[in-house]
Amino acid sequence: MDIKVVDAHTHVQFEQYDKDRDEVIKRALDNRIGMINAGADLKSSQDAVDLAHKYEGLWATVGIHPTETQTHPDSGADKSEFISENQLSNQRESAMREIEKLAHDKKVVGIGECGYDLYRNKGEEVEKIQKELFIKHIQLSNRTRKPLVIHCREAFNETFKTLEEHKNLLLLEAGIFHFFTGRLKEAKKTIELGFSFTFGGLITYSREFDEVIRSIPLERILVETDAPFVTPAPFRGQRNEPAYVTEVVDSLSEVYKRDREEMAKIVLENTRRVFNLF
Ligand SMILES: [Zn+2]
């Protein structure tokens, strides 16, 4: 298959595409855009794997997003108070066992999204739970030899600390920090740990990250849409989709002052290497 760019982190399996999923995928593939759909819980991981089997040019990652760790089965209901942390912990354990089964699938190219998200919830207990789950993903990455897809929101210190503590389990191509929003210092640390970066819609309308991006070696840069979220310019206000990833490539080519075609080639090569694609 002749692919020109891979959207390295997207969620076409999410319900926002229930009405027109096949058209959205076709729009991307017709433009020679492949995609890696990232799981955020057990169901969306399974759905991502199923889609990857349906289409050439699609791959999946499997994992449990850090904010999914606080999900009660009947969230919102008063009854949830009766579910002990112990029961929730058992649920997470069994979900991870299922994730592990999926992880061996040949169209699964990475483990995640996983990591820390201390934006909405924080505190010792939240951190402890997120850490426990993150470590299970790191171990799974090591066992399957598949790179990590890291979600890190307002939690660089915690994320780096946990990765440092398990440095011996990280792969040489450790994976990606998706939707990277760190500064120079964080970028440097990310590189030291063997990770690459995905940038998305944000860099098409914000110049805030240009300096950080330029500090990153070209071979560490990948592109994503994180669709249905963070729609790039000029499509802001609409639902995002993988076909728009070329806008991100164009913005990168401006930041690095490279030709668009050349930038696309570099990014594709990086995605191939990090995720062992084809
Ligand atoms: Zn995502």
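Positions of Cβ are set from backbone N, Cα and C atoms, glycine also.
Note: TrEMBL annotation is automatic and uncurated.
Quick caveat, the model's predicted, so the values are computed rather than measured.
What TrEMBL records for the divalent metal cation 1 site is H9, H11, E113, and among D210, D226, D250 the residue it adds there is D226. Each residue contributes its Cα atom, and for H11 (divalent metal cation 1 binding site) and H178 (divalent metal cation 2 binding site) those atoms are 13 Å apart. Same-chain neighbours of the divalent metal cation 1 site beyond H9, H11, E113, D226, judged by a C-beta within 8 angstroms of the site's C-beta center, are, in sequence order, T10, N37, A38, A40, V149, H151, H178, F179, E224, A227, F229. Of the binding-site residues E113, D226, E113 has the largest number of other Cβ atoms within 10 Å of its own Cβ. Spacing of H151 (divalent metal cation 2 binding site) relative to E113 (divalent metal cation 1 binding site) is 6 Å (Cα to Cα, whole number). Counting in whole angstrom, D226 (divalent metal cation 1 binding site) lies 9 from H178 (divalent metal cation 2 binding site) by their C-alpha atoms.
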